[in-house]
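See structure below.
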Amino acid sequence: MDTILLGLQLVFNVETLLVILAASVFGVFVGAVPGLTATMAVALLVPITFYMDPVPAIAAIVTTSAMAIFSGDIPATYLNIPGTPSSAAYVGDSHLLARSGRARETLGVNLVCSVFGGIFGTIILVFVSPSLAEVALQFSSFEYFWLALLGLSCSIFIAIGSRVKAFLSLMIGLLLSTVGLDMMSGAPRFTFGIPDLMAGINFIPVMIGMFALNELMLFYGSRGDGRAMPSLSKDSVFSQVPGHLKAYWPNMFRGGSIGTLIGALPGAGADIAAWISYAVGKGRSKQKEAYGTGHIEGIVDASSANNSGISGAWVPALVFGIPGDSITAIVIGVLYMKGMNPGPTIFMDGSGLIYALFVVFFLANLVMLPIGYAAIRSAKVFILTPRKVLMPIILCFCIVGAFSINNSITDVWIMLIIGAVASILARCDFPMAPAILGLVLGTTLENNFMSSMLKSNGDLLAFFSRPISAGLGALVILLWLSPLLTMAYKKFKHANSNKAQELS
Amino acid sequence: MRDFILGLAFMLSGCIVIYVAQQYPTMASLQFGPSLFPSLIGGGFLIGGLFLSVKQVPILKTQYASNTPGNNRPLPIRSLLASLLPCVMIIFYILTSEFLGAAVSLAIGIFVLMLSRKASLLLSLAVSILASLTIYFIFSTYLMIPLPEGLMRFWG
């Protein structure tokens, strides 16, 4: 009980509450401006959170990401341009509804479903993660090695598009994680005689380069701001919501469950959760043909899922230190920088931090209701902010933010190089999430492998000697063999159907 | 074609990574040491790059046989150069911030970038001065980051 009170004290103080409020406004703004993603918002925020206490720092990140995911729906509805990738799944429906004068009604449903999804995911986080943490306490370096490998493998198999490209993206992240002094031998690797690289590559300049500079380069490579003033609707935000919720409440629960589950898988973020939930909802709907023609049901499915995905991603991040998406990968880096190691012990250290985090999640989602309402009412401000003014200012934040981590110009160079490489790769459809997971989990993977090998005197079979370790190892192998197994099954099925045709 | 060249680039990078990794010392207690992971990653680059390139070979063959350019549109040089503007500004900041100061370098950068997107002269000037000074004071005064003062030191 004392720990819970301690946790509440950590949240309910002026500093943290003000940070939550400021972060929610920042999140709404970034999410509502097309081209600025939730991950970019968090990457820009990290240099500032670096100077905060752990709870306000995490509160800022949680609130910004939850808010940005919702407010991405505002330009999606009015302009047919998703503010963040998470709104892309239902942009067609939202915009068609807006064109028929129901923009505020649509955004009201979006807002309530987003709040519901976020709270649903948080409840699962609160109830599931402590039990999982008790299991995780039994883990040794063998289990953590397999777990890191499982997370990295998932990031390849879940990625949208080419798996080869996702694999190469992961390799880039892993390579970056090897820069610096080797933990076992102390030998410098890929430091090229630069003293600043001895401690390794800090993930913040990499993050800013990959997500912010990359976007800036894409913006300057494109033509014009090209946004005409849309006709803003005057309908009521909440008056139709109860009716829609009464009709589609099972969709909200299904979307919340799918979102939390997908969010918990490493490499799969809120955008994938929204797409899957939309597809599942369409498959099970009585009005399948209405999806994509301005139907509110698909919006309920997907907007519940994308916000619950944000909370779901925190389950593996807090329990095992394995990030569920790019945002939790950033948070894990922040926690390490603050000397707090995410993992099962975070639930038992008696500092109340974990309860503070849970409360922050609830608050971040609840504050979305009034701030989101205000954002819907003042949508014009967000959607018409000229990017030609905004982008140069963001670039300045990138430069100063990268510099501020170690007060070193080397970090600005790192951001520049990574941003340029990421821009080339993004133009060639390489996903960025595996690279970030590789960078964050690379050290965990290598250190746990090396310490396991030292413990077992180089015996590789020791990785299968403990029951949980063997189970996780089998899961990884099965995952890697799954494309071959699927191919074999398809061939077998095809051959059988051919045989049946010949016989008939 | 783009993926084919990228695949080759990854293969070349893989060879370089493996070569560099071989120079690292081995550990007395184990058969492998700091070179193991970089070598595996280099191998990953090689295999992944090979897959990426090989997958493109049939497409390139078909295009070559039918003598059609396929998807090989001419490179949008102007758009590529424009996309490098943020990088140029970062390099400008790195090279000039020590003697011009962070605030002045940032202001020049914002001004040029806004003009490049056809913002009005007055708006560009106002935004560049206001934004650079705000960012400078947030980071140097509130977050205590030692940003280069440059010309600002004469101001007070």
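Here the Cβ of each residue, glycine as well, is placed from N, Cα and C on the backbone.
Whatever TrEMBL says is automated annotation, not expert-curated.
Here's what TrEMBL has on this protein:
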DOMAIN    B:5-148  domain 'DUF1468'
TRANSMEM  B:5-24  transmembrane segment
TRANSMEM  B:36-54  transmembrane segment
TRANSMEM  B:75-93  transmembrane segment
TRANSMEM  B:99-115  transmembrane segment
TRANSMEM  B:122-145  transmembrane segment
Query: How many of the residues that make up the domain 'DUF1468' (B:5-148) does DSSP mark as helix, as strand and as coil?
result: 108 helix, 0 strand, 36 coil
Message: Let me check one thing: do the transmembrane segment (B:75-93) and the transmembrane segment (B:99-115) come into contact, meaning three or more Cβ pairs under 8 Å with sequence separation of at least 6?
response: yes
Query: Hey, which bits of the same chain come close to the transmembrane segment (B:5-24), Cβ under 8 Å, at least six residues off its ends?
result: 33-35, 38-39, 41-54, 56
